[in-house]
Amino acid sequence: MSKVVVRKNESLDDALRRFKRSVTKAGTLQEARKREHYEKPSVKRKRKSEAARKRKKI
């Protein structure tokens with residue numbers, strides 16, 4: 001869980017911006033979206049294989 005302490009004389013917008021950056025860097029939101037619905041192992045393997053094929057192509 002990302003945690004941001006609001007500094008003295010820091011606006012709430014700046015603290016929110018730092019929080020969003022830390023969440024993005026940690027990959028928390030992406031992980032939550034990935035786990036939102038169950039994905040069968042066969043589908044997971046297929047997606048992983050297609051991603052590798054796409055990376056290799058480029």
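Cβ atoms are placed via backbone N, Cα and C, with glycine included.
Since the structure is predicted, the reported quantities are computational estimates derived from the model, not experimental observations.
Across the region 'Disordered' (25-58), DSSP assigns 26 helix, 0 strand, 8 coil. The feature region 'Disordered' is assigned by Swiss-Prot to 25-58.
Residues annotated as compositional bias 'Basic and acidic residues' in Swiss-Prot: 31-42. Outside the compositional bias 'Basic and acidic residues' (31-42) by six or more residues, the chain places nothing with a CB less than 8 A from a CB of the stretch.
According to Swiss-Prot, the feature compositional bias 'Basic residues' maps to 43-58.
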